[in-house]
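So the structure is just underneath, and the comments pick up after that.
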Amino acid sequence: TEQPQTGRLALYLLGLRATCPPPKPHRMLVTWLKYYLEEDWRGSRRHGHPLTSYYQYGLGVLALCVHGKRVREEVIRRLLAAQHHGRLGHSAVGKGPVPADTEAVLALAFTCLERRRLVGAGLAAELRDTVHRVSRNMTRAQGPEGIIGNIYSTPWALQVFLATGMCHTEPAYGQAMAALLENLDAFGTAATMAQVLPVLHGHSYLDIASMSCQEESDTLTPLDVEPRTEVPGNKTVRLMVECAQPWCFELQLYDRQVSTPAAASLLDVLGAATAQEPRFTFDTQDTSQGPYLTQVLGLEARQEKRNYWQLLTAPSKPLLMGIADYIPRDGETIILRLSEW
């Protein structure tokens, strides 16, 4: 059976609501989202988590709330229980957004339900307490450079601070915003831009629900995007693979020089490494933020084991872009390290 398209439809409906459409065309889509949420939740009854992921499910609840639709209390309480017991990393495929993303999405959904009075007073108080606890967790999880989780989860955390009013009182907000402004070139896809643009304008997805469409002017104009300029010549990138897990026999598993065209992305470098030496294998999973590295040399990153393929430029600087967006320099050393979060 196909997985429910919960997250994709939820994002589409959030974007559609932001364009102030007439009500009739998207009513059927809202009905479909309610259907997907029910299908998705059947997986939770069988496996203890939705068929897709808590991240996608949270987006679905948020989208329904923004459109003024109620969600059954049973579902909300199961989401609360998952958040309280640290189960938000679970998904059907064992991979997906980091827990900081999921916590932030659920916090926005909970805030929306409470603010729009789509739940009773007792449940609303529980949702409010949970959102405050999530905000405190995000503050504690902030790194020294201001990033919360990773660069892509930072806009989600900032949306929570904005939605709850903590942006005026929480120093972590200013530090995270400064980190975001320093790393805007990491947001090169439509999905990542959609997360960061509201924050840069001081808004969260919750503001879509209270938009006054009569006052909105039509500012959407076609954008001519120039194709990327071809860079002549070749480059050589040193590619290293390391396993930092205690069950690995050795830390360094691979160390080769890889020759590619000068404009090649890290994804292209990995492909060239496979062509150069067939024993080098890797696999990716398509996500809304681009391809996500899931397997290298037969070693798979699995969320239930709390490990992932960390991308570093030597000696130990984490890359803030995905494998399809990062363009290594000539002579640069790239490290793929199976790490634990």
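Any Cβ shown, glycine's included, is placed from N, Cα and C.
Curation does not apply to TrEMBL; its annotations are automatic.
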Which cysteine out of Cys20, Cys112 is the one TrEMBL pairs with Cys65 in a disulfide?
-> Cys112
Of Thr52, Gln56, Asn150 (the binding-site residues), the residue whose Cβ has the fewest other Cβ atoms within 10 Å | Asn150
Between Cys112 (disulfide bond) and Tyr292 (cyanocob(III)alamin binding site): CA-CA distance (Å) | 30
Under 8 Å by Cβ from Cys65 (disulfide bond), counting only residues of that chain that are 6 or more apart = Val71, Ala109, Cys112, Leu113, Arg116, Leu118, Ala209
Taking Cys112, Leu311 as the recorded positions to compare, which has the smallest set of other Cβ atoms within 10 Å?
-> Leu311
Neighbour-count leader, CB within 10 A, binding-site residues: Tyr54, Trp309 = Tyr54
Cβ contacts within 10 Å for Tyr292 (cyanocob(III)alamin binding site), all chains included, total 20
